[in-house]
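As recorded in TrEMBL, the features of this protein are as follows:
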type	residues	note
BINDING	Arg87, Asp144, Glu145, Ser146, Lys186, Gly203, Asp204, His281, Ser282	substrate binding site
BINDING	His157, His182, Asp183, His255, His281, Asp314	Fe cation binding site
Amino acid sequence: MTWRVRREADLEALFRHSAFPSKISIINPSFSVKFQSLAAMTVIVPEPVLEESCNGESVKERQIDGKIDLSGEFTVPDSNAFGHSFRDYEKESERKAGVEEFYRVNHINQTYAFAKRKKEEYGRLEKAEMSIWECIELLNEFVDESDPDLDEPQIEHLLQSAEAIRRDYPDEDWLHLTALIHDLGKVLLHPSFGGEPQWCVVGDTFPLGCAFDESIVHHQYFKQNPDYADPVLSTRLGVYTENCGLDKVTISWGHDEYMYLVMKGNEVRLPPAAFFIVRFHSFYALHRSGAYQYLMNDEDKEMLKWLKIFNKYDLYSKSKVRVNVEEVKPYYMSLINKYFPDKLRW
Ligand SMILES: O[C@H]1[C@H](O)[C@@H](O)[C@H](O)[C@@H](O)[C@H]1O
Ligand SMILES: [Fe+2]
Ligand SMILES: [Fe+2]
């Protein structure tokens with residue numbers, strides 16, 4: 001497998017956007033001397049994707065309230081590992097049909113009553129007792145069926161996003177760890193958790209108890225959701241009040257809310273922004289489309305800034321480039337020990 005790069009500028013961009021530049025090397029080192037020293041390293045060769053260019057937009061929003069001054073630069077790639085733009089749910093691809101079927105089933109079955117019931121059931125944290133790393137290893141076998149951009153096991157995605165954010169925000173260790181753990185709730189798929197079906201574990205999330213916003217992926221399938229025609233649940237505010245705060249909102253059930261409950265129910269020393277990121281990272285209608293602002297309070301608006309930063313790394317670090325787990329494990333273990341108890345109730 002080879003990244004086909006024609007111009008030196010593209011190679012440069014590849015280095016910049018890769019979470020693991022030290023693992024990239026050049027098969028045919030006909031580029032400038034600048035890169036020749038790297039030619040001795042291992043060749044990473046994901047599927048041919050990068051043909052013409054990978055000129056992406058640079059991430060500039062690196063200051064929050066002027067508190068952090070960050071160096072480094074993350075370049076958003078033009079295309080995902082399949083050569084398509086990210087989050088393109090209409091584009092014909094090997095993943096399209098499966099992803100659409102996922103959302104059809106998800107949208108029909110995620111109701112207000114269902115999500116409240118699941119939250120109640122899993123919120124008791126009676127399913128397992130294990131460490132963060134044990135949980136990470138359980139995700140080795142799962143591929144997310146809702147994701148048009150990635151078909152790698154989830155452990156790869158966790159490490160890819162954590163390593164990418166670590167490069168650009170070297171001093172924010174809590175953010176590296178947040179990336180590492182943000183999708184651990186997908187452990188609900190594991191047989192020891194009852195092997196929940198994908199439709200109630202992964203995919204974008206959205207509020208229940210009020211109208212479904214049209215910006216939600218494959219919105220058309222909500223027509224078959226019982227809440228769609230409900231006289232209260234189908235209104236703009238539904239069961240909520242203006243600016244009540246997202247904490248009061250019942251969000252569709254899945255890995256985000258579950259991992260948030262696990263963090264809340266154990267002695268986790270991460271900052272509030274980490275909890276917010278984990279809980280709402282799949283809520284694209286909010287953080288990408290700007291919908292449902294009327295449910296947010298002032299604190300949510302502050303936290304949203306962090307979520308938007310995080311999202312770039314969560315989404316655009318998805319690639320075929322594998323991380324060497326053993327190499328990075330000691331660093332992440334030190335963070336786990338700093339912020340989490342040895343064993344957690346799940
Ligand atoms: O398909 C993906 C995947 O399930 C992610 O974990 C989730 O956070 C995204 O929102 C979703 O679109
Ligand atoms: Fe996720
Ligand atoms: Fe993710």
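The backbone N, Cα and C atoms fix where each Cβ goes, and this holds for glycine too.
Bear in mind that TrEMBL entries carry predicted annotations, made automatically and left uncurated.
Sequence features annotated in TrEMBL and their locations in the structure.
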| residue | record | contacts (Cβ under 8 Å, 6+ apart) |
| --- | --- | --- |
| Arg87 | substrate binding site | Pro148, Asp149, Val217, Tyr284, Leu315 |
| Glu145 | substrate binding site | Gly98, Val99, Phe102, Gln198, Val202 |
| His157 | Fe cation binding site | Asp144, Leu150, Asp183, Ser317, Lys318 |
| His182 | Fe cation binding site | Leu158, Ser161, Met259, Ile277, Val278, His281, Phe310, Asp314 |
| Lys186 | substrate binding site | Leu139, Phe142, Asp144, Gln154, Val201, Val202, His255 |
| Ser282 | substrate binding site | Gly203, Asp204, Thr205, Gly254, His255, Asp256 |
Determine the Cβ neighbour count for His281 (Fe cation binding site): the number of other Cβ atoms within 10 Å of its Cβ.
25
Beyond the site residues His157, His182, Asp183, His255, His281, Asp314: chain residues whose C-beta lies within 8 Å of the centroid, for Fe cation:
Leu158, Ser161, Ala179, Lys186, Asp256, Val278, Ser282
Would you count the other C-beta atoms found within 10 angstroms of the C-beta of Asp204 (substrate binding site) for me?
22
Binding-site residues close to ligand 1 - of Arg87, Asp204, His281, Ser282, only those whose C-beta is under 6 Å away:
Asp204, His281, Ser282
Using a 6 Å cut-off on Cβ distance, which of the binding-site residues Arg87, Asp183, Lys186, His255, Ser282, Asp314 come close to any atom of ligand 3?
Asp183, Asp314
What does DSSP assign His157 (Fe cation binding site), in three states?
helix
Cβ under 6 Å from ligand 2: qualifying binding-site residues of Glu145, Asp183, Asp204, Ser282:
Asp183, Ser282
Using DSSP with the three-state reduction, classify Asp183 (Fe cation binding site) as helix, strand or coil.
coil
